[in-house]
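Participant: First the structure, then my questions, so here it is.
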Amino acid sequence: MNELVNRGGPEVVILTGVSGSGKSTALRALEDAGFYCVDNLPILFLEKLLELSGHTAGEVSRIALVVDAREGRFLADAPRVIQEIRQQGADVEVLFLDASDESLVRRYSETRRRHPLAGESGTVPDGIAAERQALAALKAIADEVIDTTTLNVHELKRLVTRRFATSEGARLGVTVVSFGFRFGLPTHADVVLDVRFLPNPYFIPELKPHPGTDPRVARFVLGQPDAKAFLERISDLLGFLLPRYRAEGKSYLTIAIGCTGGKHRSVALAGALAERLEGGGQPVRLWHRDVEKE
């Protein structure tokens, strides 16, 4: 294994989380992003899988592996195996998907599936509780936890796709997301910025139907003196923060910019901020979460 790591092994994502949180959707998104995906491979075979990938002449450079409650008695070995591989220098990231108990119960009710850990009681809440306990050690070592409570399958797929769309560039991956406070805060955001202090195009009849990506709306929003000052100050702040986050070893940063409905002001400002960051050499993933919502 050491020989493989020294040669430069593949990028590995361990996808885990509670049942019903969206792992199947996330795995499909990873496959679309170019990962070789393996569902329900016993974690003890991970080292062998990495070893075999070293004989593919670079054809397998990104691997995604689902590790969850189906591992059974092997699940307890997962944190140890992952830690050992990391210590050998492998590029392994653990992505944990979670959701509120209420949303998980609702999802199981909609699909009428039995929870895999329901046990003799057969109830979904009992299964959820047992699974949370079984996965606690994996969640503790996760590089990122994504709460999918408020995300639909399309939003989750977009999030994962943009999160892993490229493996090159700066060590710190930056995502700028616009959103509407009406639809709740992005649960995965590291920095949240409120731009509701700006004049709202919603109240201008000729601008109301158009999103912040429309040049007319963008000109109106970005032409405001306060919008210009906001961009200058936020750019200065990020110019201070990003090098320090990199030095700390932080891999990902999500900056969320919100307005009332997530259609006009936040969209225009998020696009402008992303453009500034990219102009400074920082690759950025831009996501307008609520722009199509009413």
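Every residue gets a Cβ built from N, Cα and C, even glycine.
So Swiss-Prot lists the following for this protein:
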- GLY17, VAL18, SER19, GLY20, SER21, GLY22, LYS23, SER24: ATP binding site (BINDING)
- ASP68, ALA69, ARG70, GLU71: GTP binding site (BINDING)
Participant: I need the CA-to-CA distance for VAL18 (ATP binding site) versus ASP68 (GTP binding site), whole Å please.
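Facilitator: About 7 Å separate the Cα atoms of these two residues.
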Participant: Which whole-number value in Å describes the distance between the Cα atoms of ARG70 (GTP binding site) and SER19 (ATP binding site)?
Facilitator: 10
Participant: May I ask you to report the DSSP-based helix, strand or coil state of ASP68 (GTP binding site)?
Facilitator: coil
Participant: What other residues of the same chain, not counting ASP68, ALA69, ARG70, GLU71, have a CB atom within 8 A of the CB centroid of the GTP site?
Facilitator: ASN40, VAL67, GLY72, LEU75, PRO116, ALA134
Participant: I want the residues beyond GLY17, VAL18, SER19, GLY20, SER21, GLY22, LYS23, SER24 whose C-beta is within 8 angstroms of the mean position of the ATP site's C-beta atoms, in chain order.
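Facilitator: For the ATP site the neighbour list reads ASP68, LEU97, ALA99, THR148.
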Participant: Could you round the CA separation between SER21 (ATP binding site) and ASP68 (GTP binding site) to a whole angstrom and send it over?
Facilitator: 11
Participant: If you measure from the CA of ASP68 (GTP binding site) out to 10 Å, which binding-site residues from the list GLY20, GLY22, SER24 are inside that radius?
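Facilitator: Among GLY20, GLY22, SER24, not one has a Cα sitting within 10 Å of that of ASP68 (GTP binding site).
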